[in-house]
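Just dropping this structure here.
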Amino acid sequence: MKNTVIALLALLASAGSLAATPWQKISQPIGGSAQSIGAFSNGCIVGAEALPLSATGYQVMRTDQRRYFGHPDLVQFIQRLSNQVHNKGMGTVLIGDMGMPAGGRFNGGHASHQTGLDVDIFLQLPQTRWTSSQLLKPQALDLVASDGKHVVPSLWSPQISQLIKLAAEDSEVTRIFVNPAIKQQLCLDAGSDRQWLRKVRPWFQHRAHMHVRLRCPAGSLECEDQAPPPPGDGCGAELQSWFEPPKPGSTPPVKKTPPPLPPSCQALLDEHVL
């Protein structure tokens with residue numbers, strides 16, 4: 001159903017990404033107790049923390065872009081997950097984009113990642129730590145076959161399934177977005193232990209990484225959570241609908257004007273940028 005829409009969505013995302021956003025002018029976190037504000041795709045954060053760039057279990061990619069900030073809950077999740085992976089001898093976790101120092105809208109690449117509760121993690125676990133040059137210009141491993149319906153068998157491994165499962169089993173995680181072909185492979189690999197699959201949601205792109213989203217933290221009273229995923233493992237008709245051809249007469253998505261910022265985020269911009 002959705003294969004032909006992927007390129008269109010990518011074009012829309014890039015078209016809306018040409019203009020810089022005022023959030024990029026904020027170079028340091030806003031002081032105060034940690035507060036995620038607004039929705040994942042329209043919000044900001046006060047009291048963000050920088051993910052430590054030196055760690056045993058993970059490495060941070062593209063540090064020159066300074067997208068390694070998030071709510072303390074997100075920093076702690078990354079540390080928990082990478083410690084689990086390291087203790088199991090699975091390899092090094094590769095951390096991609098989190099958020100900017102005050103969150104807010106990016107000028108490209110993401111619609112969400114605005115409240116300090118989202119992180120992209122590569123779906124590869126190198127046994128040898130990457131060099132500085134590799135981290136600055138990372139080579140993503142496209143796990144999805146050219147037909148868009150299956151993973152590439154030679155690139156898939158049980159460790160990738162285990163990495164996603166470990167993340168999904170974390171109580172703070174509400175959703176993990178992966179390509180539909182990757183979700184399908186997880187459904188095949190899961191066996192009888194399937195409860196965690198409910199959190200793994202098929203979505204456009206996401207061929208080489210998973211996008212992990214946490215719940216709104218306790219105390220972040222202006223944070224807007226999503227409704228829980230539908231009951232079940234998500235491996236049935238819903239998943240298969242992603243592989244169906246588009247219906248006759250279907251039209252490409254229309255680029256939407258971003259909604260107004262939450263008042264607290266607008267006030268933050270007014271004070272620190274505008």
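A Cβ is built for glycine as well, from the same backbone N, Cα and C atoms used for every other residue.
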With His110, His113, His211 listed by Swiss-Prot as Zn(2+) 1-binding, which of these, Asp120, Asp225, is given for the same site?
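Only hit among Asp120, Asp225 in Swiss-Prot's Zn(2+) 1 site, alongside His110, His113, His211: Asp120.
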From the list Cys216, Cys235, which cysteine is recorded by Swiss-Prot as disulfide-linked to Cys223?
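Answer per the record: Cys216.
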Which of Cys187, Cys265 is the other half of the disulfide bond that Swiss-Prot records for Cys235?
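Of the candidates Cys187, Cys265, the one Swiss-Prot pairs with Cys235 is Cys187.
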Tell me which of the disulfide-bonded residues Cys44, Cys216, Cys235, Cys265 sits in the most Cβ-dense spot, judged by other Cβ atoms within 10 Å.
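Per the Cβ count within 10 Å, the most buried is Cys44.
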Among Cys44, His110, His211, Cys235, these being the recorded positions, pick the one whose CA is nearest to that of Asp147 (Zn(2+) 2 binding site).
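Closest candidate to Asp147 (Zn(2+) 2 binding site), judged by Cα separation, is Cys235.
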Given the recorded positions His110, His113, Cys223, which lie close to Cys44 (disulfide bond), meaning Cα to Cα within 10 A?
His113, Cys223
